[in-house]
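Novice: One structure is given below, represented as structure tokens, and several questions about it will come after.
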């Protein structure tokens, strides 16, 4: 049978190469074996169904993997959601393969039809587990520790430096490089649905749809999303001044006061930020406006005899505010190096009474000579203005490396290799079993030079506010300090 309007001689005129190409085309790529729309199929039912079966499937098995219908030898996949099923025989279910540490199939396999096909020597959903492990148990566990030093966040087991998260229910709700994400926290106790069916769960936290709120999106607002947005809009046109979350027309401000009292950020639309009343060099104290004024919605009203943005300058001082600032600034971008209070061109260093912070502009901070255990210069040197002067036979930023080594080169390198077999993550050199990270990239740190200190939080432009040590992307605060960037003082010694 031929389509209407085409003479029999026209088929004879088709180039032989084109006919050969059509006959050689793979069956799975043929859009249809009907001559034209509405025409009967030119294949027998048996042949049509055979073409809709995967190689090796027995006759009578589910056509198109049970995910579509067979139309003249071609699978038409069911589409309940975009991209749910696809492929010549509807054999694929997922577009994207599993990732590990940001790499598809962990860089040790190829993505095929939504599943990782692992290279030889690797296994796992994301090809993240090596078949043979040459790590000691101690080193393996060290690589599995999260930022709180807990192996696999107590939610999984460590396999050769990689966490295998608990999945007893087979739902994959516990995940993350260190099993730090537990989406079981999002399950509503009453409905047993994720986020009550009114939101999405990301790493154990519910993000609710418009009009819903609560830890598990269990409460519905009694006003429309548009009305809620209008009520939460601050005078500058921002939702909760970009300092809070809008819940049913009311702003929940991101309060940074650890005491739970009326905090630094407040107001109907979080428009007031009391931190604006604390100068950089007075940020450690609850004494706003340098102790010489009243803070009103982020603005200092100074007492008589004082002036300046934070009432920091006495009117009796012979220096102008600019001259005073310049004298306290020294070679730093911040007055008193961000470690003290400036009054009339003179610095008072903080913390009071701590002799580790000193200098005309508080430029010396000997706390930088201490490791996380508080040992000064590794016990092999002395600290001078925040820098270690090492004893003979030792070197390094904290005098942690011996110049003489009693290991062979092979023994040394074996201790410097990360799980992927790369020496010091390719960002440093190995000396006596320890990595020395590249000095050209100041931000690279960690046992295997696998950390980036730029990931640590900043406050006033300073990593960890200068009140802690950046440890693999997280601030380890010195005693008395708290907050993501060690910016909150919890001690009692401050005036």
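Glycine is no exception: its Cβ is also placed from the backbone N, Cα and C atoms.
What you see is a predicted model, and the numbers here were worked out from it, not measured in a lab.
Residues annotated as signal peptide in TrEMBL: 1-24. What TrEMBL records for 91-128, 143-180, 185-218, 231-271, 276-312, 368-400 is domain 'EGF-like'.
Where in this structure would I find these features, and how exposed are they?
Specialist: A Cβ distance under 8 Å defines the sequence-distant neighbours of the domain 'EGF-like' (143-180), meaning residues of its chain 6+ beyond its ends; these are 100-101, 124, 128-130, 133, 135, 203, 418-419, 471-474.
According to DSSP, the secondary structure content of the domain 'EGF-like' (185-218) in residues is 5 helix, 12 strand, 17 coil.
Computed over the domain 'EGF-like' (276-312), the whole-number mean pLDDT of the model equals 70.
Sequence-distant neighbours of the domain 'EGF-like' (368-400) (same chain, 6+ residues past either end, Cβ-Cβ under 8 Å): 359, 434, 436, 469, 471, 476.
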Novice: From the DSSP assignment alone, can you count helix, strand and coil residues within the domain 'EGF-like' (368-400)?
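Specialist: Breakdown, helix to coil: 5 helix, 12 strand, 16 coil.
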Novice: Per DSSP, what is the residue tally for the domain 'EGF-like' (143-180) in helix, strand and coil?
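Specialist: Grouping H, G, I as helix and E, B as strand yields 4 helix, 12 strand, 22 coil.
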